[in-house]
Structures are given as C-alpha cells and as structure tokens.
Amino acid sequence: MKSVLFSRFFILLPWMLIVIIMLDVDTRRPAPPLTPRPYFSPYAGGRWGARLPLRRGGLGRGREQRNESRPPPPLPPEPPLPTIYAITPTYSRPVQKAELTRLANTFRQVAQLHWILVEDASARSELVSRFLARAGLPSTHLHVPTPRRYKRPGLPRATEQRNAGLAWLRQRHGHQRAQPGVLFFADDDNTYSLELFQEMRTTRKVSVWPVGLVGGRRYERPLVENGKVVGWYTGWRADRPFAIDMAGFAVSLQVILSNPKAVFKRRGSQPGMQESDFLKQITTVEELEPKASNCTKVLVWHTRTEKVNLANEPKYHLDTVTIEV
C-alpha cells in the first residue's frame, strides 16, 4: 500500500513543481495601472441627453480656469497731452540772465512745454543762445527789435516780440493739423506756481485767473458768478472790456490759428490796453473760462526784480577775467 502511494507521489511531484514555479513568476509581474473611471453627473447632459464625464473639480472650477487664460481687454489709448507754448519777450539788462534762470527752473518741471524766447534785438545774443543751449528745454530762439520811436516811457512794450511768437506758431502749424496746445504769454519778471500750468492746460478757448502784486493792489482778478465772468476787481480802469494783466490768461492754439489777424497792435492801442485789445479780437467776456477755483486763488505774481544798484561798478572793465552775469 505504501509503495503505491509513494509511486503516485513521485509521479505527481514534477507537475506540482511546475505549478509552483508558474505561480511564483506570475506574482512578480508589475500590476497594471489603475485607470480612473469617468465620473458622470446626473445634472450634466450632452447632445441628445448623453451623459458627459466631468472633472472632479466640478463645473465652476473649469470655467474659472478658462476665464483666467483669456488675455485682458486692451485699454483705450490716452489722449495726447496738450503742449503749452510759453512766449517770453526779453531784452538785455543786468538781471536778464537771473530772470531767465528762475523761469527756466520753473519750466523744467512742466510736462510738454515749448519755450519761445524772443529777444528785443537785431540779432540773437550769445548770452541768451548759450543759456538756452544749456537749459535743457524744448525751445525756439527768435529776435526782433523794437523801433526806436516806440521805446519812449509810457508806450506799450514787447509788442513786436509777442507778435513774432504768434507768427512763428502760425507758420509752424498753418500747413498741418495742429496738435492740442495752449498759448501763454510768460513775461520773465513774473513768478509762476506749477499749479498754474495744470489749470491752463485744459483751456478750450480762453481761460482766465487772478494775478498777484499788480495794478497797485495785492491782486487783481475776474469776478465770477455761477461759473461766468461778470466783472473785474482791479485798481486801474475797471471799464476796460478785459481788465486783465498779460499773465492772467491763456489761449487755445486752435483759436490762435483760427484768427490769423489777431495780433498786438501799436496804432490805436493805449498803454495798459494791449491785453484788452488783443482779447477783443478772439473772444467775448461771456466765453471766458474761469480757472484757479473760480478765480479765487493767486498762482502767478508780478514780482519784478529789484532794480540793480551798480553805483560802484567801474566804468571800464578792471577784472583780470570776464564773467558772464
């Protein structure tokens, strides 16, 4: 009996070994990767009612990701900043360079400003030419002499120089579409607040504001009611159509170009009336635009440099070097 069992055992032993070896080899194989089963939402239906698989993040998250990938809409281009054209008449005198230096230091802090400097001379002087070359400002250097017969005391001054600046503007912009701009007559014996240039830059036609230390008073100004100029607070001839100082108004460049004959006149213009005579050619009192908080803030002063005392200056140059003052 035992021999029979042993004989059968030895017969089955090779087959058992083969089965064991095959099972061992199969367990050493890497497990196949698990593929996630798609998730079907009962609330999301595709075309013909078919169920659509959704991401685990849900509907809202998918929309947020798609919105974030879109580029932002382009911003509209900003309108160009109007250029301020400052016309400054000047003439040779001991304080000329000092006056121009103070004015240039102010203009350097004003964006988009073009300085038109007009000398009362038959030729451009070296002093002013060198000064402008070092000023670091967009500028134009002109010159025109005042006729000798108009240099008597009591007559209007700087008429030819201001008209030369107007002619340059019209010649430059006459044959092309003018960019937005504002004209301002900036005499070199005034002191200007930077806020003034911010105020005048939005001038549509003619804007006005107070001027300090002028006309024998602490200030002169347009009188304003309900946003309109109705009169003038002034110490001299309040009956003038425009009782205003040269530093108290600005004009749109388009108005200058639209009125090519508007200039400062010599004939028929009385002393102190040049501003009024000029403004009558381009606007009316009703059209004036009050600036500086309805003409209640002084942003420019007619300071005038004190007359220099040169009593001890020698008649002939005695220094060993030549210094420009």
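Cβ from N, Cα, C; glycine included.
Annotation comment: TrEMBL describes D189 as Mn(2+) binding site.
Per TrEMBL, N-linked glycosylation site is recorded for N294. Listed in sequence order, V224, G227 are the same-chain residues six or more apart from N294 (N-linked glycosylation site) with CB atoms under 8 A from its CB.
If you look up TrEMBL, you'll see 55-83 marked as region 'Disordered'.
Look at TrEMBL and you will find E220 (among others) tagged as site 'Interaction with galactose moiety of substrate glycoprotein'. A simple way to gauge crowding: the CB of E220 (site 'Interaction with galactose moiety of substrate glycoprotein') has 25 other CB atoms within 10 angstroms, across all the protein chains here.
The site 'Interaction with galactose moiety of substrate glycoprotein' feature in TrEMBL is assigned to N312 (among others).
The transmembrane segment feature in TrEMBL is assigned to 6-25.
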Rounded inter-Cα distance in Å - E220 (site 'Interaction with galactose moiety of substrate glycoprotein'), D189 (Mn(2+) binding site): 17
